[in-house]
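What Swiss-Prot annotates here:
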BINDING   ALA68, GLY69, PHE70, ASP71, LYS72, THR92, ASN154, ASN190, LYS232, THR260, GLY286, GLY315, TYR336, SER337  FMN binding site
BINDING   LYS72, ASN117, ARG118, MET119, GLY120, PHE121, ASN190, ASN195, ASN261, THR262  substrate binding site
ACT_SITE  SER193  active site, nucleophile
Amino acid sequence: MRGERGSKPSVYSLFFDGVLTRTDPERAHHGAFRAIRAARPVLASRRTPGEQVTALGLTFPNVLGLAAGFDKNAVGIDALAALGFGHVEIGTVTGEPQPGNPKPRLFRLPEDRAIVNRMGFNNDGAEVVARRLAERSRGRDRLGHRSRPVLGVNIGKSKVVPDDDQAAVEADYEKSARLLAPYADYLVVNVSSPNTPGLRNLQAVEKLRPLLEHVRRTADAVTRTRVPLLVKIAPDLADEDVLGVADLALAIGLDGIIATNTTISRAGLRTPADRVGEIGAGGLSGRPLTGRALEVLRLLRERVGPDLTLVGVGGISTVQDARDRLTAGADLLQAYSAFVYEGPLWPRRIVRGVA
């Protein structure tokens, strides 16, 4: 939380250590997000930093995006972009609205600069989010064309849908794709969150292939311009399964892979074991994920060559982390946990550092 590791603490770092660490993490998230949205009129005048990147057939203002999970319901896209993110990925959005798992469900591990979450895809549902995106689109049309962030829409399985009913799973993702693809610059199929029972089973190639093909057909049916489709995978996949997903992506003409989601591993943490045990289940994000996320990215790039867009995410905290991910083959980067720990100036610092 010191910007680059070992540098002087920032004002935000001191505030985080002194105040936010004593506040319930989910409450702090909502408070910070409200503040960001309120500051949008001031932030909107700032030029987006960094150099443009072409990927997925799209022009991104810069290489760094905000990963799904921060803005689940598409309520602060443009305010977040004004902080310096070149793309914002909303969601995960499910076909049906759902409250998510019982609270508490979000935990900080400050010693590891990590977060554990078991949110459970709490969101307003595809119908409500689609209406919100439609309203945003109409508002932008009224104001005339202006520079904007690239918008990713991340869709996942509703908890009420059994993972062993392939037809029901496909119908659930179809609903989200049908409603949301018209507003997405790119679409992401999330099959890798550990917080929806059975979801990760859908990463098996025999289940993943028909699902991705079904979402592709659905998106094509409701859009005039082809919307790029990506899949987000877990760091906990065995290497051979990572390669299997890579081969599948090439075989069916997927546009890209996001690597990686959170991990269920707790290996190598500095946080005391009793505290980790007390927190319990959930996906771990942040600095401990850096090594494995980098490994998965390298595996993917070696397998797919230049043919797919790869988005590197997981444990990117410093400019050097970002450079390492780009060197390993990432076309784009995403972050979440470091943004929470480092504060609103962090995106611009990373973008300028890799430019």
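Every residue number used here counts from 1 along the chain in the order it is shown.
Every residue, even glycine, has its Cβ placed from backbone N, Cα and C.
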* If you measure C-alpha to C-alpha, which of ALA68, PHE70, ASN154, LYS232, TYR336 (binding-site residues) come within 10 angstroms of GLY120 (substrate binding site)? -> none
* What are the other residues, in sequence order, whose C-beta lies within 8 angstroms of the center of the C-beta atoms of LYS72, ASN117, ARG118, MET119, GLY120, PHE121, ASN190, ASN195, ASN261, THR262 at the substrate site? -> GLY69, THR92, GLY100, SER193, PRO194, THR196, GLY283
* From PHE70, LYS72, LYS232, TYR336: binding-site residues whose CA lies within 10 A of ASN190 (substrate binding site) -> LYS232
* To do: Please give the greatest C-alpha separation between any two of the substrate-binding residues LYS72, ASN117, ARG118, MET119, GLY120, PHE121, ASN190, ASN195, ASN261, THR262, in angstrom, as a whole number.
  => 16
* Asked: Pick from LYS72, LYS232: which of these binding-site residues has the biggest number of other Cβ atoms within 10 Å of its Cβ?
  -> LYS232
* **Farthest-apart CA atoms of ALA68, GLY69, PHE70, ASP71, LYS72, THR92, ASN154, ASN190, LYS232, THR260, GLY286, GLY315, TYR336, SER337, residues recorded for FMN, distance in Å** => 20
* To do: Express the distance between the Cα positions of ALA68 (FMN binding site) and ARG118 (substrate binding site) as a whole number of Å.
  => 14
* Structure fact -> Around the Cβ of TYR336 (FMN binding site), other Cβ atoms found within 10 Å total 21
* Asked: Three-state secondary structure of GLY120 (substrate binding site) from DSSP?
  -> coil
* Asked: For TYR336 (FMN binding site), what is the secondary structure state per DSSP, taken as helix, strand or coil?
  -> coil
* Asked: Once the chains shown are all counted, how many other Cβ atoms turn up within 10 Å of the Cβ of ASN154 (FMN binding site)?
  -> 26
* Taking only the Cα atoms, work out how far ASN154 (FMN binding site) lies from the residue listed as 'active site, nucleophile', in Å, as a whole number. => 12
* Structure fact -> When each of the binding-site residues GLY120, GLY286 is scored by other CB atoms within 10 A, the minimum falls on GLY120
* Can you tell which of SER193, ASN261 has the most other C-beta atoms within 10 Å, given these are the recorded positions? -> ASN261
* **Residues satisfying Cβ distance under 8 Å from ARG118 (substrate binding site), sequence separation of at least 6** => ASN101, ARG105, LEU106, PRO194, ASN195, GLY280, ALA281, GLY282, GLY283
